[in-house]
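Peer 1: As listed in TrEMBL for this protein:
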type     : residues                                                      : note
ACT_SITE : Lys66                                                         : active site, proton acceptor
BINDING  : Thr15, Lys16, Ser17, Thr62, Asn87, Asp102, Tyr219, Gln248     : shikimate binding site
BINDING  : Glu78, Gly127, Ala128, Gly129, Gly130, Ala131, Leu217, Gly241 : NADP(+) binding site
DOMAIN   : 7-89                                                          : domain 'Shikimate dehydrogenase substrate binding N-terminal'
DOMAIN   : 117-195                                                       : domain 'Quinate/shikimate 5-dehydrogenase/glutamyl-tRNA reductase'
DOMAIN   : 241-270                                                       : domain 'SDH C-terminal'
Amino acid sequence: MTDRYAVIGNPIGFTKSPFIHGTFAKVTGQDLSYEAIEGPIGGFAARVDQFRAEGAKGLNITAPFKLDAFAYANELSESARRAGAANCLKFEGDRVIAENFDGIGLLRDITLNLGVKVAGRRVLMLGAGGAARGALLPFLRQDPSELVLVNRMLSKAVALAEEFAGRGPLIVSGYAELADLAEGYDVVINATSASLRGEMPPLPGNVFRGAELAYELAYGKGLTPFLQAARAEGVAKLADGVGMLVEQAAEAFSWWRGVRPSTAQVIAELTVPLS
Ligand code: NDP
């Protein structure tokens, strides 16, 4: 019987996940179907109960349900527990196992697809929401020389630093104090949601100087104010989050099916030039 999977979110109309997983299934010869479900706000659990009762094997989760999915699971991977959110579920009988592949997807896109090293480098991460939180451990495990975490609401970044104490060289800063920290970041990552509203995090002008890569987690937004600022400061490599999206999907696919699909062709098909 064909195994069923889906992505759930609200809204869900523009999701690329059915295309990505459909392509992975085709190239790996896996017999599965993959649909998009518009989950009712406040009705996540009932909708997932129904999907499981229909025999579903797994689910990807996008905004705004990552916390609901975390609460729904009865087993958590370390990355889901660290992120405090789930972007992927696997159903095995009564077991509902939660994973979070966003952080590893971001790391793989930067290191493997874009060829930018994190080990021994200075990384500046903007934002302390779900995406930044999920990325901290995979990035710290790469042994950066320093990972500076900046957030508008400083208390959120401070709480994260306490949680990840002893895991690596994590430094917390507010935006205003950032100008006083030495410049010379190698990688600057925008893990805020500012670009979704066409906004720019309040960065001092010097943070991009000498950087190899400016990475915007949002995708499909073209040259966001963050990427425009990086380009104006001479950063040569600019990327949006489409590669991260495909890489986290490949992690989910491998976890569900035990087969790792290659990602290059799907990323190429989904990439819109940043100009
Ligand atoms: P959250 O809502 O959990 O966190 C939002 C973060 O953005 C907070 O740290 C918030 O700061 C900060 N923020 C919002 N507006 C501004 C602003 N104008 N200036 C400075 N900081 C701001 O969002 P997520 O972590 O879930 O998502 C973050 C981004 O990552 C989104 O763009 C999302 O689309 C993208 N994403 C991409 C994925 C991919 O596969 N490519 C996967 C997951 C997310 P404060 O705490 O101070 O309010």
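Including glycine, each Cβ sits where the backbone N, Cα and C put it.
For each listed feature, how buried is it and what is near it?
Peer 2: The C-beta environment of Lys66 (active site, proton acceptor), restricted to residues of the same chain at least 6 apart in sequence and closer than 8 Å, consists of Ala85, Ala86, Asn87, Asn100, Gly130. Lys66 (active site, proton acceptor) carries a helical DSSP state (H, G or I).
Counting every protein chain shown, the Cβ of Tyr219 (shikimate binding site) has 20 other Cβ atoms within 10 Å.
DSSP classifies Glu78 (NADP(+) binding site) as helix under the three-state reduction.
Summarised by DSSP class, the composition of the domain 'Shikimate dehydrogenase substrate binding N-terminal' (7-89) is 35 helix, 18 strand, 30 coil.
Secondary structure by DSSP for the domain 'Quinate/shikimate 5-dehydrogenase/glutamyl-tRNA reductase' (117-195): 27 helix, 18 strand, 34 coil.
Within its own chain, the domain 'SDH C-terminal' (241-270) has Cβ neighbours under 8 Å at 5, 16-17, 19-21, 23-24, 27-28, 30, 32, 57-58, 60, 87-88, 90, 99, 101-102, 104-106, 108-109, 112-114, 215-220, counting only residues six or more beyond its boundaries.
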Peer 1: Could you give the Cα-Cα distance between Gln248 (shikimate binding site) and Glu78 (NADP(+) binding site), in whole Å?
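Peer 2: Each residue's Cα considered, Gln248 (shikimate binding site) and Glu78 (NADP(+) binding site) end up 16 Å apart.
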Peer 1: Per DSSP, what is the helix/strand/coil residue tally across the domain 'SDH C-terminal' (241-270)?
Peer 2: 23 helix, 0 strand, 7 coil
Peer 1: Using DSSP, would you call Asp102 (shikimate binding site) helix, strand or coil?
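Peer 2: Its secondary structure by DSSP: helix.
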